[in-house]
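> Following this message is one structure expressed as structure tokens.
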Amino acid sequence: MSFDYDLFVIGGGSGGVRAARIAAGEYGARVALAEESRMGGTCVIRGCVPKKLMVFASQAGLMAEEMRGYGWEGAQAGRFDWSVFRPKLDAELTRLERAYTANLEKAGVRIFHQRATIVDHHTIALADGTRQTAKHILIAVGGRPALPGIPGEDLGLISDDLFLLDRLPRRAMVVGGGYIACEFATILAGLGCDTVQVYRGDAVLRGFDRQARDLATLQLGQIGIDLRLNVTPEGLERTGDRIRVMLNDGMTEDVDAVFWATGRDPYTGGLGLENTGVHLRPNGAIVVDEWSQTAVPSIFAVGDVTDRVNLTPVAIREGHAFADTVFGARPRKVGHAGIASAVYLRPHEVAQIGLTEEQACARGDVDVYATEFRPMRSMFAGSNAKVMMKLLVDPDTDRVLGCHVFGPDAGEMIQLAAIPIGMGATKADFDATMAVHPTAAEELVTMRTPARRHRLAVQAAGGTAAG
Ligand code: NDP
């Protein structure tokens, strides 16, 4: 049977673009890609890239405060002008979008700027009514913000909307305690918005190490966010040009904007998957094997739509491995364990790789090398903000099981720590590494004595040994 293409990719985000570019550019496959929105997907257009630029924009106040501590009398951040920033942001995203398109075209990929749905195991229907056939179909459509399902929720905005606002809200509420909620609340507060963050749990960033979570929770309050813990909205209603939020603690809040940051769902609705034998999990995620192959041999899926580890570099790696395997005769799997990540808060970021202290304790014996200290730079300026570094070590093998950093540029640090830890480094390897002085990161190679030793047998007997 002959097909129009060797590969048809649905979705022009991180995973889809990488797969298409490698399949066509490196392996000579005939590739088409459909994208219903802007090329680049969530990361480039409405996620990582605009978010990080806004994080940079939002730190002027903290920097001015620090500089006053260094003797720059009267140093002030001034007034943030969204009408200057927003067009610059738009221009940068347009530049990136063009670069993505150009790179695909250079590799010989045919791009359809329209929605695609699946008709059968080898056929795609495009929004213009035409049909295309392909030997392989790759689904890389990503995820979409999930709403909590409460009355009036349509009055709220989703994360995509932050980057498209005509003006910043004077008073905003961010709902959630995950990556997006904490980053958005930090950005909004840094840009001068009166920011309320409500989270249903007792410490933000569930899934991260508890010590880091507690420090992050504290920091959100310290930078001026009105953080309400153990609270969740029950309904929204319009009052004039504002929004009234009814909270489950009996309080109401009037704000100019509400941002839902209550998780993301795989974007599989309306894709035509009912026409195929592809299996979905209850949340709509596509079930794939270690080769990113679905239950249908001709259909593969990568990235957030599979809900494995929902991070851009993972989607890119999965897309690349798919192309190597299917078109390059170089079978490659992607490991999903031990992936580092960072949350871009200010002034201190949260970053981690491997097990949390809680997970390590549940797994077996662990020695915890941990330190909290006031770093030279901000302490000199009069700040009490603490940095935290932690290594979790298996006492039997000396292997480093996890690393956690709460501090300035923690994301940059964890990227480098991820290399030795991924290679199986021991605590002795860290100890043997000469410190770079004076840095904050040198603490990672100078912690000599465990702050705590957890022993499973002792815990089972009713306590935790410390020594
Ligand atoms: P997360 O899963 O990180 O957080 C969702 C938050 O919403 C949690 O605090 C959750 O609470 C809360 N929540 C969920 N449902 C409800 C509800 N019905 N009512 C109230 N609260 C609710 O998702 P995000 O949307 O923040 O981010 C999505 C993904 O995007 C992340 O998992 C991450 O992989 C990726 N991402 C990565 C970034 C980075 O690398 N820096 C930045 C942004 C996103 P609870 O904890 O109690 O379940």
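Our numbering is plain: 1 for the first residue shown, then up by one each step along the chain.
The backbone N, Cα and C atoms fix where each Cβ goes, glycine too.
TrEMBL annotations: computationally assigned, not manually curated.
Quick paste from TrEMBL:
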ACT_SITE  His437  active site, proton acceptor
BINDING   Lys52, Asp304  FAD binding site
BINDING   Gly176, Gly177, Gly178, Tyr179, Ile180, Ala181, Cys182, Glu183, Gly263  NAD(+) binding site
DISULFID  Cys43-Cys48  disulfide bond
DOMAIN    5-319  domain 'FAD/NAD(P)-binding'
DOMAIN    340-447  domain 'Pyridine nucleotide-disulphide oxidoreductase dimerisation'
> Have a look at the recorded positions Cys43, Lys52, Asp304, His437 and say which one has the shortest Cα distance to Cys182 (NAD(+) binding site).
Lys52
> Would you pick out, from the recorded positions Lys52, His437, the residue whose Cβ has the largest number of other Cβ atoms within 10 Å?
Lys52
> How many Å lie between the Cα of Gly178 (NAD(+) binding site) and the Cα of Asp304 (FAD binding site)?
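Cα-Cα distance, Gly178 (NAD(+) binding site) to Asp304 (FAD binding site): 16 Å.
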> Hey, for the NAD(+) site built from Gly176, Gly177, Gly178, Tyr179, Ile180, Ala181, Cys182, Glu183, Gly263, who else sits with CB inside 8 A of the CB center?
Val174, Phe184, Val204, Leu205, Ala261
> At the Cα level, what's the spacing in Å between Cys48 (disulfide bond) and Ile180 (NAD(+) binding site), rounded?
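Cys48 (disulfide bond) and Ile180 (NAD(+) binding site) have their Cα atoms 10 Å apart.
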> Kindly point out which of the recorded positions Ile180, Gly263, Asp304, His437 have a C-beta less than 6 Å from some atom of ligand 1.
Ile180, Gly263
> Grab the NAD(+) binding residues from the record (Gly176, Gly177, Gly178, Tyr179, Ile180, Ala181, Cys182, Glu183, Gly263) and give me their largest CA-CA distance in Å.
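The NAD(+)-binding residues span at most 13 Å between Cα atoms.
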> Counting distance between Cα atoms, which of the recorded positions Cys43, Lys52, Asp304, His437 is nearest Gly263 (NAD(+) binding site)?
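Closest recorded candidate to Gly263 (NAD(+) binding site) by Cα: Asp304.
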> Compared by Cα position, which of the recorded positions Cys43, Gly176, Ile180, His437 is the closest one to Asp304 (FAD binding site)?
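Out of the listed candidates, the nearest Cα belongs to Cys43.
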